[in-house]
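Can you read through this structure? Questions will come right after.
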Amino acid sequence: MKYRDLRDFLSLLEQRGELKRISQPIDPYLEMTEIADRTLRAGGPALLFENPKGYSMPVLCNLFGTAKRVAMGMGQEDVSALRDVGKLLAFLKEPDPPKGFRDLFDKLPKFKQVLNMPTKRLNSAPCQEQVWQGEDVDLSRIPVMHCWPEDAAPLVSWGLTITRGPHKERQNLGIYRQQVLGKNKLIMRWLSHRGGALDYQEWCEAHPGERFPVAVALGADPATILAAVTPVPDTLSEYAFAGLLRGHKTEVVKCLSNDLEVPASAEIVLEGYIEQGDMAPEGPYGDHTGYYNEIDNFPVFTVTHITQRQDAIYHSTYTGRPPDEPAVMGVALNEVFVPILQKQFPEIVDFYLPPEGCSYRLAVVTIKKQYAGHAKRVMMGVWSFLRQFMYTKFVIVCDDDINARDWNDVIWAITTRMDPSRDTVLIENTPIDYLDFASPVSGLGSKMGLDATNKWPAETPREWGRPIKMDEDVRARIDALWDELAIFSDKDAKR
């Protein structure tokens with residue numbers, strides 16, 4: 001699936017019945033959240049609010065409200081194809097040298113994809129068709145959603161934040177929520193381990209007292225947005241990976257006020273800086289956990305320029321108790337994670353982040369167990385291999401006869417294959433999401449691993465149970481006889 005920008009992607013969605021235009025006046029204050037939430041929970045389309053109350057700019061919501069649309073945004077026709085995206089990332093993360101001519105020929109498609117990686121720099125771009133600067137900068141022109149009744153202020157939710165550290169050639173792209181503080185000020189809520197925060201910290205150390213340049217793109221194309229939330233190798237830029245997903249190079253343009261490069265087709269771009277030491281209390285906000293989070297201090301982003309396309313569209317979302325868009329994206333990106341993990345741990349059969357676990361707080365892993373203690377090694381690997389799992393609080397490891405995506409199977413394994421004392425791993429004083437109010441200290445808490453695998457002789461002195469299973473010949477005979485028995489009125493009833 002090929003598209004060039006967000007508008008092109010919306011046209012594709014509309015052709016497939018995946019976009020609903022809403023002409024009625026809808027208020028960005030709470031009403032859009034309620035409509036988007038009901039639509040997402042019903043598996044409905046992306047929503048384009050054409051007449052937000054009090055604004056002339058349309059609002060796009062629920063863009064990634066189904067796993068199918070996430071896959072479409074990554075250039076694939078269905079979610080299962082995202083495994084191929086994961087295989088490509090695994091290859092780029094740790095490329096294997098060709099073993100011979102035939103192997104080289106087999107790898108040529110991957111090398112061809114890499115050709116789409118470099119960005120294409122433009123001298124002028126659609127995102128700079130209209131420009132406001134200085135006193136003309138006014139964020140109140142943008143219909144920023146106020147999502148929940150007790151939220152502190154309107155919140156920019158899909159801000160693709162572009163930064164560059166003082167010692168880095170490539171830029172970092174990250175999605176960080178931003179509280180509207182005034183007509184030209186936002187609060188940049190980035191956690192200390194995230195790329196933007198690390199760039200800022202390095203800048204402060206290298207350039208004490210100097211302003212840190214920042215740009216925020218709103219309404220970038222889906223490939224660029226999704227690249228920013230995908231486990232891209234540290235040596236690969238998100239723009240480059242977006243080019244791979246899209247099938248052609250990412251087009252960028254230099255900001256008007258600094259040297260950062262932004263997506264050329266973005267609907268809106270905010271340019272500005274962070275003054276060192278300029279902090280403000282952020283929150284509370286309803287977040288993806290289903291609760292309002294605590295108030296904490298974060299840097300203030302001062303906007304000096306707003307550039308945008310003609311007839312710009314504001315891309316927004318809400319976060320709340322799962323399912324929400326982050327949870328749906330987690331389900332889709334789950335398929336990307338599996339090949340990356342399997343590259344490092346070939347014994348992994350499946351890996352699942354249940355959306356009801358707030359996208360990343362609980363993981364279920366199934367493995368081909370090969371030795372005593374194997375499950376514990378896998379737990380440690382999950383927590384340490386990808387930074388995306390740094391905040392995963394619970395890891396459940398099961399054998400490959402268990403379906404990681406079926407709670408009936410997983411709960412059966414936990415309750416029949418675990419001894420709570422022997423098979424529970426507790427690790428204290430580990431990094432935890434700052435939004436996790438259950439941890440005893442903000443940003444620091446514990447992790448739990450559950451070994452729900454069959455135990456080997458070295459792990460237990462007792463005879464281990466054998467699962468009950470019907471004789472296959474008997475099953476075949478009853479299969480042939482089943483319809484004739486007519487036990488259920490519906491012949492297609494589950495057996």
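Using the three backbone atoms N, Cα and C, a Cβ is placed for every residue, glycine included.
The Mn(2+) binding site annotation in Swiss-Prot covers Asn172, Glu238. Among the features that Swiss-Prot reports, prenylated FMN binding site is placed at Ile175, Tyr176, Arg177, Arg189, Trp190, Leu191, Arg194, Gly195, with the record citing sequence analysis. Residues or ranges marked as active site, proton donor by Swiss-Prot on the basis of sequence analysis: Asp287.
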What is the total of other Cβ atoms whose distance to the Cβ of Gly195 (prenylated FMN binding site) is within 10 Å?
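Gly195 (prenylated FMN binding site) is surrounded by 22 other Cβ atoms within 10 Å.
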Measuring C-alpha to C-alpha, could you say which of the recorded positions Asn172, Glu238, Asp287 are within 10 Å of Gly195 (prenylated FMN binding site)?
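Asn172, listed in sequence order.
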Around Asp287 (active site, proton donor), how many other CB atoms lie within 10 A of its CB?
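Looking across every protein chain shown, the total is 24.
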Tell me, by DSSP, whether Asn172 (Mn(2+) binding site) is helix, strand or coil?
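Where Asn172 (Mn(2+) binding site) sits, the three-state DSSP reduction gives strand.
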By the count of other Cβ atoms within 10 Å, pick out the sparsest of the binding-site residues Tyr176, Trp190.
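It is Trp190 that, of the binding-site residues Tyr176, Trp190, has the fewest other Cβ atoms within 10 Å.
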I need the neighbours of the prenylated FMN site defined by Ile175, Tyr176, Arg177, Arg189, Trp190, Leu191, Arg194, Gly195. Which other residues of that chain put their C-beta within 8 angstroms of the C-beta centroid, in sequence order?
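These residues sit around the prenylated FMN site: Thr161, Gly174, Met188, Gly196, Ala197.
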Please give the maximum pairwise Cα distance, in Å and rounded to a whole number, for the prenylated FMN-binding set Ile175, Tyr176, Arg177, Arg189, Trp190, Leu191, Arg194, Gly195.
14
Taking DSSP three-state, what's Glu238 (Mn(2+) binding site) in: helix, strand or coil?
helix
